[in-house]
Each structure stands twice: as structure tokens, then as C-alpha cells.
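Swiss-Prot has this to say about the protein:
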BINDING   ARG49, THR50, ARG99, HIS127, GLN130, GLY249, PRO250  carbamoyl phosphate binding site
BINDING   LYS77, ARG160, ARG210  L-aspartate binding site
Amino acid sequence: MKHLIRTDDFTTQEIESILADAELFSDGRFDRILRDKIIITLFFENSTRTRSSFEIAAKRLGAEIVHLDVANSSTKKGETLVDTAMNLDAMGPHAIIVRHQNSGVAKILSNHTKASIINAGDGAHAHPTQALLDLFTLKKHFKNLEGKKIAIVGDIKNSRVANSNIELLSRFKMEVILVAPPQFLPQSDLRTTHYLEDIIDEVDAIMSLRTQTERHSSQTYASLKDYASDFCITSEVVGDRDIIILHPGPVHRNIDICDALLADKRCKVLEQVANGVAIRMAVLKKLIYDV
């Protein structure tokens, strides 16, 4: 059984196939090909977009969704996460979608299940379906990504979204530039800067990231407003440039992106959300139906 833990679990050819399926699904062309299939969602961290879009994706393809209420599960009685997964797997689901605050959990569980494990985010490690929907959004806008430049701005060091996008967008020949204060920059061979203004005239897209305060061991800024004074994506910074704006959500208004830009047609945040359903439909098809 194939799992999706990281974007590099799929070949480039497989990703192209997923994008093609997502294009059909986004146009409303799909059948209930997962009828009689069962998918379990196992979320140990809060989620609005990812969980909802996976559930909508599964239902549109005809699958049954079972959501395990983690707060009332046997993990609260001392059952290990691996034992929980093995017991759920014994019930015969076709996929288990997992989000967990610790990096590596999805990979560990994939070693103990017959069902496909789909990583819906593990700590600061990876969020593969987010990167796939971001790629889909960018390709719909630009068609050919080769040579295009994207600035990823914000708390990159603590972002699973950044990790997955760096791998995937680089594979599709985009130049990724990292923009962040020193404490938010990971060690990387990529081009980096502390000032968005330095590269604003070069980039074709900006991906803003939320400050991951829940993953900080100590306070890094006196306040989020102090952070925003340097790294909020504002109308003044972007001006009238032909740049599209992305964000994986949730957006901190006027911290990550200003209100005016969120209402601007160049902002693709809601398009990303819509594309997330189509991409997750395509991923479910790939892992459950196309085997």
C-alpha cells in the first residue's frame, strides 16, 4: 500500500497525474469511484481547511468518513499512538489521514498499517497536500513554472508548509527565495534575505506564512505587531506589481497580510482553499482507487 508522508513519495509523473485529475475534479467532472471505501481522520492538532477539505473530497468521491474524536479516544487512557493506529487498521479502512504535533508520526504509523497513511501535517516536518494544492494554484496561474520566482516569507524554520513547498516547487523548476528574520530562517542552500524589499522586483509570487508561536520555545518578538512592521505583506510593499499572493491559512490579518491585499484580486488564498478539495480528491483517488 502506498502512503503519502512527504511530497517526494510521489514521482514527478505521479504528481502530474494528480494535477490532471484535480483539474477535472475542479471542473465538477468526477464519479463516486470511492463508494464503499472507508477513510478515518485522526487529528491531534486543530484544523479547519485541511480536515474539512479532506472530508468533502472523500464524500464527493463517495467514500465514508469516520472521524476519531482524539479528546475522547483511548490515547487519553494511555494507549500508544501506534496501538491506536493498529487497532483502527484492523477494522479495515482504506486510508487513515493523520495530523500530529510531532514530526515523524505519520511515517512511524505507516510502518504498522495496511491502510494508506496520508500525512495531514506532522510538527514542523511536512504537509504534502498543502504543497500539492499550492503547486496546482501556481500552475493554473502561470502554466509553466520554470524560471518563475517565489518568495516564502515568515516563520520558515518552524513551517511544515515551507518544507514541503521548497521540495516540490524546486522540483518544478521554480526559484525559491526565503525571506525572514534570522531566528526564523533554517539552514539552507537557497537564497535568503531579511528584507522583502530587496527582492520584490524579482518575484512572481509571494507565499506568506503564519508565525508558529505554538512551536517557539521562547519569545522571539516583543509582539506580533513588531514582527508585522517588518514582514507583513502590505499594499505599500507590493504596489501595482504583477505578483500573486498565497497563504496556507489561517491568515493573521495585518500581521501576515494586510486587509487591502487580502481583498485584492492578486490574492489567491480562497482559490487555494478551493483547489485543496480538488487536490485531495486526486490524492485519495491515487492512493485508494489507482492501486
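A Cβ is built for glycine as well, from the same backbone N, Cα and C atoms used for every other residue.
Shown here: features listed in Swiss-Prot, placed on the structure.
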residue : record                           : Cβ within 10 Å
ARG49   : carbamoyl phosphate binding site : 16
THR50   : carbamoyl phosphate binding site : 24
LYS77   : L-aspartate binding site         : 6
ARG99   : carbamoyl phosphate binding site : 25
HIS127  : carbamoyl phosphate binding site : 26
GLN130  : carbamoyl phosphate binding site : 24
ARG160  : L-aspartate binding site         : 23
ARG210  : L-aspartate binding site         : 18
GLY249  : carbamoyl phosphate binding site : 17
PRO250  : carbamoyl phosphate binding site : 12
Additional residues around carbamoyl phosphate, ordered along the sequence, whose Cβ is within 8 Å of the centroid of ARG49, THR50, ARG99, HIS127, GLN130, GLY249, PRO250: SER47, THR48, ALA120, GLY121, VAL161, PRO248
Length of the line joining the Cα atoms of THR50 (carbamoyl phosphate binding site) and ARG210 (L-aspartate binding site), in Å: 15
Alpha-carbon distance [ARG210 (L-aspartate binding site); ARG49 (carbamoyl phosphate binding site)] in Å: 14
Inter-residue C-alpha distance, HIS127 (carbamoyl phosphate binding site) and ARG210 (L-aspartate binding site) (nearest angstrom): 14
GLY249 (carbamoyl phosphate binding site) - helix vs strand vs coil (DSSP): coil
Nearest of the binding-site residues (ARG99, GLN130, GLY249, PRO250) to ARG160 (L-aspartate binding site) - Cα to Cα: GLN130
DSSP-derived structure type at HIS127 (carbamoyl phosphate binding site), helix or strand or else coil: coil
Secondary structure of ARG99 (carbamoyl phosphate binding site) (DSSP, helix/strand/coil): strand
Distance [Cα-Cα, Å, rounded] between GLN130 (carbamoyl phosphate binding site) and ARG210 (L-aspartate binding site): 14
